[in-house]
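Note sheet for the following structure.
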Amino acid sequence: MPFVPVLSARAMRFDLITLFPEMFAAVRDQGVSGRAHARGIWSLVTWNPRDFTTDVHRTVDDRPYGGGPGMVMLAEPLSQAVEAARAARLQAGADTPEAPAPVVLLSPAGRTHDQAGARRWADGTGAILICGRYEGIDQRFIDRCVDEEVSLGDFVLSGGELGAMVLMDSVVRLLPGVLHDAESAVQDSFNPALDGLLDSPHYTRPEVWRGDPVPEPLLSGHHARIAAWRREQSLALTAARRPELIERARAAGRLDGSDERVLEQAGRDSKPGGKG
Ligand SMILES: C[S@@+](CC[C@H](N)C(=O)[O-])C[C@H]1O[C@@H](n2cnc3c(N)ncnc32)[C@H](O)[C@@H]1O
């Protein structure tokens, strides 16, 4: 694809504090986020805490006080890496002194990342993301330098790098000009255009695959019927898999009478003796 620079006053920039900078080639060079990076819509800079050590072994961790398994990341190299990232962001005009980017730690103890969070991030200028390793990070660094903690969910990763990549990918795809079809991000699950519901199923050619036909409304060419079918599917799927999203949409006044009838029918169908 030819290089098409995107002119924007303040493009999104992520600074990654990581012991494994090579891992970020995946999000920087591949797919949707890679194309957007090549077009200058966002940028990614890595900072290795090892480059901020003074000993011959370039030590970034040590044994935990109080004993116990594993190692703990030292506060000083991390802190110096954050300071260097901050200075570089200011110099590049990514931030202003009045509005510095937040310092965010990927952590199982953080607030769980979700689509609403991705939308908030997409309105900002990026962040300095700290990728933990080993048993964790000296708490004094977290207390002094970290503004917020973000979790990917209730499981433990070996390091924050994959979490940071997931976060960045979910944000970058929402930036203006990133997706070919401007509509496709808003039509995704959890988005306001879908009232926060799950997306409906998708089909492509052939019309019949191993005996299974494409649902008839999708072949009708009738836009209103197709939209109604998709809404029904979206409601039924969300009610079955994520009923709390239905409650949220209802509480926000996003469901009308016809939605409620679809949900009643879906509830009847899912009972013993019902259709599914
Ligand atoms: C092996 S984990 C440390 C887990 C820590 N001892 C605990 O039990 O909470 C190493 C690093 O991976 C990252 N990490 C692990 N699980 C994560 C999650 N669910 N979300 C975001 N980051 C996570 C954090 O940066 C963490 O410091």
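The first residue you see is number 1, and the count goes up from there.
A Cβ is built for glycine as well, from the same backbone N, Cα and C atoms used for every other residue.
If you check TrEMBL, you get these features:
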type: DOMAIN; residues: 12-247; note: domain 'tRNA methyltransferase TRMD/TRM10-type'
type: BINDING; residues: G132, L152, G153, D154, F155, V156, L157; note: S-adenosyl-L-methionine binding site
type: REGION; residues: 256-276; note: region 'Disordered'
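Here G153 (S-adenosyl-L-methionine binding site) comes close to T112: these same-chain residues lie at least six apart in sequence, with C-beta atoms under 8 angstroms from its C-beta. When Cβ atoms from all protein chains are considered, those within 10 Å of F155 (S-adenosyl-L-methionine binding site) total 7, not counting its own. Counting only same-chain residues six or more apart in sequence, the Cβ atoms lying under 8 angstroms from the Cβ of V156 (S-adenosyl-L-methionine binding site) belong to P108. The residues of the region 'Disordered' (256-276), classed with DSSP into helix (H, G, I), strand (E, B) and coil, number 14 helix, 0 strand, 7 coil. For L157 (S-adenosyl-L-methionine binding site), the same-chain residues lying six or more positions away in sequence with a CB closer than 8 A to its CB are L106, G163. The most densely surrounded of the binding-site residues G132, L152, D154 is G132 (count of other Cβ atoms within 10 A of its Cβ).
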